[in-house]
Amino acid sequence: MVSESHHEALAAPPVTTVATVLPSNATEPASPGEGKEDAFSKLKEKFMNELHKIPLPPWALIAIAIVAVLLVLTCCFCICKKCLFKKKNKKKGKEKGGKNAINMKDVKDLGKTMKDQDDDAETGLTDGEEKEEPKEEEKLGKLQYSLDYDFQNNQLLVGIIQAAELPALDMGGTSDPYVKVFLLPDKKKKFETKVHRKTLNPVFNEQFTFKVPYSELGGKTLVMAVYDFDRFSKHDIIGEFKVPMNTVDFGHVTEEWRDLQSAEKEEQEKLGDICFSLRYVPTAGKLTVVILEAKNLKKMDVGGLSDPYVKIHLMQNGKRLKKKKTTIKKNTLNPYYNESFSFEVPFEQIQKVQVVVTVLDYDKIGKNDAIGKVFVGYNSTGAELRHWSDMLANPRRPIAQWHTLQVEEEVDAMLAVKK
């Protein structure tokens, strides 16, 4: 029996048995959520272990954490702001697109516009002229003045009262205004107000008198020009206006405001400018004149240049007391001299003398022609009077100033009148 069963067992085919062998420590497969939590906890434990190894106090770690949080918040804020800015740009683009989009109404109005342009062409108007019309003129301020006539003495009385809203021509945002008053067409007698420093609303309250017969007054024009004073360069004109005398009713006193207008270009030929200094020592009775330089002199020679030199006359009551002159500078319109001349003038006489400065062009063959002339001292006006007054107010100190040369005949006429 045993042998038979043994033979059957050997003859039968082997039975394959599949057995699943699990490791001893294996558990059931975990869900995805539980796996993530385990991974996070492991990372946390690892991070905390590394953190404990850093040799820093707790407060430092807290500060680092706060800074990190602030950096993250700042980055988020910047990103949000950039996104909002892009949205706004898109909206603007849409609005522009809407404005630029062709409207059927605009197309219908196109014919009318073309018709209007044709009408303008017939009337001679151009687009440039149409654009210039709405432009406002530059505001130069205004001036209040008064006019009256003294029939008994044949005198025109001009009052310069005040100015307002003048433009600022100086660096500090102000101006140093004064007013010139003269009659056209002669322009021989000019008056100037005092300079008011650093103001755009000066109050003058000055009156000037012109000796003019009433029969001749109708053919004259009164000019009032406001200037900005500058010691070391040419004075800038702010604005002016003209009053034809034949339009004024002299039956009563005229007092009114007038807006200043842009000044017309000077028709008179420019003769140039000269710079000289004045110094007076009262105790010694010594007046020193230093001729420094001249510029932009009138061309007197054929070659377009000049040979300028300067004469200085000390005068009193129309008489020449002393005469000096500089060296001649050849072939130049901008000569530099820096030559000093002294005059003895007692203190009691300094208010009565005049210093007349004349620039001449030297000529070997003919007469030396005068280029221009200016005088300071007794009865001088404007910039010349201010220069003289500054010298007297600052004894022993040289005071330099530029002066505009005037026509010789006009200066001689002023010297003759003001004896």
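Residue positions begin at 1 at the first shown residue.
Every residue gets a Cβ built from N, Cα and C, even glycine.
Among D186, D236, the residue that Swiss-Prot places alongside L169, D170, D228, D230 at the Ca(2+) 2 binding site is D236. If you compare N25, N379 in Swiss-Prot, the N-linked glycosylation site annotation sits on N25.
Distance from the CA of C78 (S-palmitoyl cysteine) to the CA of D301 (Ca(2+) 4 binding site) is 75 Å. Restricting the binding-site residues D236, D307, D361, D363 to those with a CA within 10 Å of the CA of Y227 (phosphotyrosine) leaves D236, listed by sequence position. The binding-site residues recorded for this entry are D236, D307, D361, and the Cα of D236 lies nearest to that of C75 (S-palmitoyl cysteine).
Averaged over the region 'Phospholipid binding' (133-379), the predicted model reaches a pLDDT of 90.
C80 (S-palmitoyl cysteine): 10 other CB atoms within 10 A of its CB, across all protein chains. For the domain 'C2 1' (139-258), DSSP puts the residue distribution at 7 helix, 61 strand, 52 coil.
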